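Notes to accompany the following structure.
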Amino acid sequence: MPTLVTDRFTTLDYNDLSNNHVFLKSYTNGVFDYNNNQHGGLHDHQHDGANNHAHARQLIGNALRERVESIDHEYCEPGDEDTFFVADLGEVYRQHLRWKLNLPRVKPFYAVKCNPDQKLLELLSALGTGFDCASKAEIEQVLKLNVDPSRIIYAQPCKTNSYLRYVKNNGVRQMTFDNTDELRKIARLYPDAELFLRILTDDSSSLCRLSLKFGASLDSTDELLALANELGLNVVGVSFHVGSGASDPAAFLKAVQDAHTVFQQAASHGFSLKTLDVGGGFCSDNTFEQMAGVLRTALDEYFPAHSGINLIAEPGRYYASTAFTIACNVIARRSIEDIAATSYMLYVNDGLYGNFSSIMFDHQHPVAKILRSGGHTVYDTPAADATEDGIEYSIWGPTCDGIDRITESIRFPQLLDVGDWLYFEDMGAYTKCSATTFNGFTNNHDVIYVCSEPGAKALLELQ
Ligand SMILES: *Cc1c(COP(=O)(O)O)cnc(C)c1O
């Protein structure tokens with residue numbers, strides 16, 4: 001099979017890609033559907049796409065099976081039955097190609113906070129993405145990958161003094177600001193920094209609103225640019241974020257229009273801005289093509305290629321979410337006897353204080369599937385799925401807190417019991433990174449890596 005090694009920020013020739021098993025994918029009601037809409041160069045890859053999908057599921061399934069079948073909860077050492085992840089780095093690679101097909105002019109700077117997994121960062125580094133970091137530790141982790149400091153943006157509008165000194169000493173120049181105090185701080189500590197003015201957006205339809213906390217309103221940008229000019233600072237661009245898990249493409253259009261206004265304001269203050277940063281917020285489900293389509297059209301209108309403006313973005317969940325599957329062990333069960341039917345409370349060894357922190361912080365609803373029950377591993381078979389009828393369960397985490405509930409109600413035909421395993425898909429974004437060790441449960445879980453794309457494999461073995 002031909003292996004595609006993607007470019008490092010040179011323009012991709014998509015007709016070339018069409019010879020290399022590249023496909024666009026979308027999800028329809030949870031079923032994969034490979035489409036090649038709007039991209040003339042991509043023809044007739046449905047077959048390859050389906051094969052690819054099956055191959056990915058097979059690798060993930062094998063990794064899950066091998067691990068859970070090696071553990072006997074009756075005899076194992078404490079922690080052997082702990083929750084673990086399987087990460088398919090091939091999925092990250094496919095997401096990157098999907099990005100390049102849909103937003104070919106926009107260079108992604110992966111938002112490290114979403115999932116700072118080392119292998120994920122290594123692959124993205126090899127793919128040539130940039131990185132959005134918000135702390136010294138994130139910047140340090142990326143620099144250790146031998147990423148050039150010019151591929152990092154310190155995208156935190158309210159920075160720590162000592163971190164500013166750190167980035168100055170390490171050559172990271174790009175950073176965001178959105179208020180006058182921060183401008184004075186930067187003027188004092190790092191006057192040569194390359195500054196992006198972060199503007200406010202309408203993030204009301206996103207999962208996690210960020211504009212409550214960050215972003216300059218359009219009636220303050222003129223004053224900020226005047227002060228930056230007075231302080232002799234180097235404003236190089238505008239950035240925004242439409243909110244994490246954005247669902248309204250119109251938010252992107254409005255933000256691009258506002259950014260265009262600020263570019264003009266900046267020119268009147270003598271700044272010749274060269275970069276627009278469209279932030280993150282992209283989901284990896286089938287809303288991506290629509291979002292990207294609206295954004296691409298807006299960019300082509302307000303920041304056309306001939307304008308010479310660089311375009312960057314800060315996607316996080318888009319890259320990480322679908323690549324990670326988690327497996328949890330059923331550690332306890334409580335039967336609830338009722339006249340009508342017996343239902344059960346299942347206690348698993350991970351919860352809201354752990355990798356399911358995404359339920360609290362990211363408003364997610366992970367869906368349980370059966371990985372292994374009654375001595376049978378049923379990953380990716382109909383027997384894994386919840387049903388309308390059947391035995392009712394609620395699923396709880398291992399801590400002593402009553403809020404630690406993963407699922408209020410779900411039904412399976414099987415009678416689940418202690419020692420069985422559940423799995424949850426799409427667990428790569430805002431999960432492990434915000435897990436705690438509350439109540440003494442570890443937040444350091446194994447990740448088993450598989451790679452369903454030869455291209456990604458080749459890149460990683462180069463490392
Ligand atoms: C969190 C964050 C991101 C990533 O957001 P996603 O919704 O995961 O794409 C990007 N930029 C900034 C400044 C952020 O705070």
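Quick reminder: no glycine exception, Cβ is built from N, Cα and C everywhere.
Database features, via TrEMBL:
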type: DOMAIN; residues: 89-320; note: domain 'Orn/DAP/Arg decarboxylase 2 N-terminal'
type: MOD_RES; residues: K113; note: N6-(pyridoxal phosphate)lysine
type: ACT_SITE; residues: C400; note: active site, proton donor
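Taken residue by residue with DSSP, the residue listed as 'active site, proton donor' is part of neither helix nor strand, so it is coil. Each residue contributes its Cα atom, and for C400 (active site, proton donor) and the residue listed as 'N6-(pyridoxal phosphate)lysine' these two points are 28 Å apart. Most buried of the recorded positions K113, C400, judged by other Cβ atoms within 10 Å, is K113. The residue listed as 'N6-(pyridoxal phosphate)lysine' falls within a helix when secondary structure is assigned with DSSP.
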